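J.: Would you mind keeping the following structure in view while I ask a few things?
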Amino acid sequence: MTTFDDLLEEAGTFGHCQRRIFALLCLLSLPFAGVYVGIVFQGFTPDHWCRDSAVVEMRQACGWSLADSRRLTVPLVNSSGVLQQSSCEQYKVDWNSTGLTCDTQELDLIALGLFGSAVIMSQTQIALSLNLCVFMDRFKYHTHFLMSFILNAISGFALAVAPNYISLLVFRTIFGFGAKGGWMTSYVLLTEIVGVEYRRTVGILYQMFFSVGVLILPLLAYFITDWRWLQVTITAPYILFLSYYWLIPESPRWLISQNNSSRAMEITESMAKENKKKLTRNLETLTDEEGDSPSASLLDLVRTPNMRKHTFILMFNWFTSGVVYQGLIMRVGIAGGDVYIDFLISGLVEFPAAFLILFTIERIGRRLPFASANIVAGTSCLVTAFIPDSMFWFKMVVACIGRLGITMAFEMVVFVNTELYPTFVRNLGVSVCSTLCDVGGIVAPFLLYRLAVIWLELPLIIFGVVAFIAGGLVLLLPETRGVPLPETIDDIEFPNRKKENPLENQQMKKLLKSKLTSNKETRSV
């Protein structure tokens, strides 16, 4: 019986066609970094305080400095145990009728909060909790690409010219809605069109281009200081990505799961032709379990015991990755250093994460590095919280180790998620679970900015505890090293039925093929 993996082996597991698609989709990861963490610069709050026109007149008449006028008009507030001048409060006083002179040195006035918190932009960052991918197991990946990029282009440019705060929130929500869905669908497509021996490599490298985008972002923000023009720069590539609708084929594996084997065969033959290969098999003998999958349903994710366990554990790990990763990135904006340099340094540590994953997951497996990454991140967060500010560089190093750990965990949860769901529900499963990452991204600024008022390092304690729990839960997941992508729910519920190692299977087939060839040559002689 023929399976798609058999056809893929003949068509080429990572030939010119897959490399072309891989290169195109990696470009998609670059601007997504701006969508996901660009708020650090777009929503950055500079040092500021409340302006009063009467005070301005007195400052000019009396020769006060800006520091003098701020000291006389703004009360002191407690910020993480340190008294500092408020950014959002001023003394309630009518400066035109006080009778004060330029010699006034002290004021005994009542403080009144005039403005809300300056971190509202950060709190609303990217409302992605209902991303477009949820529906895509019922629709073509092509349809998803087109819808996603159109939404990105329209909402992204509209966001750049948003006239008020409410419209800004609406457009930013739509922008994140499309961008996250397109990014996740691209990842799933990549894992479905390459051989099992290349699956983990393309998945990690695809995410590494997100890290490249993270490094490019502070450079763009440094030279493009207007957040509206920065938004235009982040959005512009999505106009070019519209061409992907014609440049990237539909997933044959997904078509088979939707009982469209004829179209899947056409695309596979086209891939083989581009790879300069020739198919000797067809899908007429396709195994029943691969060609007769039902339509995806949310209930499929929780109906059976193993699927339910995988779903809940993956959801929590997606949430952890989102809240800790976003929290550590946004903490750069309130740590008091140079936001551009600190962001760049913390972004550099994401590259070792990719190489550590590539080095360990085929030698050790998925589960242990995944759990260890979360535990390292949790430990680093807890240790960083108790390192005094006087030990700046030591604190920076430990914090970067935490960033390294959570980056590893983030990259691993993506491809482990794809390996734990059958084809017909894979995109839906990844989308539903990754929605918890979006929830984590929304929760992160609330934890960071609200708890930091009590103690600047308190959010790190929360991040550390959450990461520890996530690491422990990962140990309850099955090992997926060398295991073929599941096609049905039965493959998840009864994993022992698929005991064949696909790598060993492919090597055995090649060995048999070479022996047959040598036997024919011997006979001809």
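Cβ atoms here come from the backbone N, Cα and C positions, even for glycine.
As annotated by TrEMBL, domain 'Major facilitator superfamily (MFS) profile' applies to 22-482. According to TrEMBL, the feature transmembrane segment maps to 21-44, 109-133, 145-163, 169-190, 202-223, 229-248, 312-334, 340-361, 368-387, 393-416, 428-448, 454-477.
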J.: If I count Cβ-Cβ pairs under 8 A between the transmembrane segment (145-163) and each of 229-248, 340-361, 428-448, which range comes out on top?
T.: 229-248
J.: Residues sitting near the transmembrane segment (21-44): Cβ under 8 Å, six or more positions beyond its termini, same chain?
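T.: Distal contacts: 119, 121-122, 125-126, 175-176, 179-180, 182-183, 186, 189-190, 193-194, 202, 205-207, 209-214, 216-218, 220-221, 227, 230-231, 233-235, 237-238, 241, 244, 247-249, 326, 329-330, 332-333, 339, 343, 441.
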J.: Are the transmembrane segment (454-477) and the transmembrane segment (393-416) close enough to be called in contact, which here means at least 3 C-beta pairs under 8 A that are separated by 6 or more residues?
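T.: In this chain the transmembrane segment (454-477) contacts the transmembrane segment (393-416) - 3 or more Cβ pairs sit under 8 Å.
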J.: Per the 3+ Cβ pairs under 8 Å rule, pairs at least 6 apart in sequence, do the transmembrane segment (428-448) and the transmembrane segment (202-223) touch?
T.: no
J.: Six or more residues beyond either end and a Cβ under 8 Å away: which residues meet both conditions relative to the transmembrane segment (368-387)?
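T.: Contacts of the transmembrane segment (368-387) (Cβ under 8 Å, skipping residues fewer than 6 from its ends): 317, 320, 324, 328, 353, 356-357, 360-361, 394-395, 398-399, 401-406, 408-409, 412-413, 416, 457-458, 460-461, 463-468, 470-472, 474-475, 477.
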J.: Please identify the stretch among 169-190, 312-334, 393-416 with the greatest number of Cβ pairs below 8 Å relative to the transmembrane segment (229-248).
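T.: Answer, by Cβ pair count: 169-190.
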J.: Same chain only, please: residues at least 6 beyond the ends of the transmembrane segment (312-334) with a C-beta under 8 Å from a C-beta of the stretch. Say none if there are none.
T.: 37, 39-40, 44-45, 122, 125, 342-343, 346, 374, 377, 381, 399, 402-403, 406-407, 409-410, 413, 416-417, 420, 432-441, 443-445, 447-449, 452, 456, 459-460, 463, 466-467, 469-470, 473-474, 476-477
J.: Averaging the per-residue pLDDT over the domain 'Major facilitator superfamily (MFS) profile' (22-482), what integer do you get?
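T.: Summing pLDDT over the domain 'Major facilitator superfamily (MFS) profile' (22-482) and dividing by its length gives 79.
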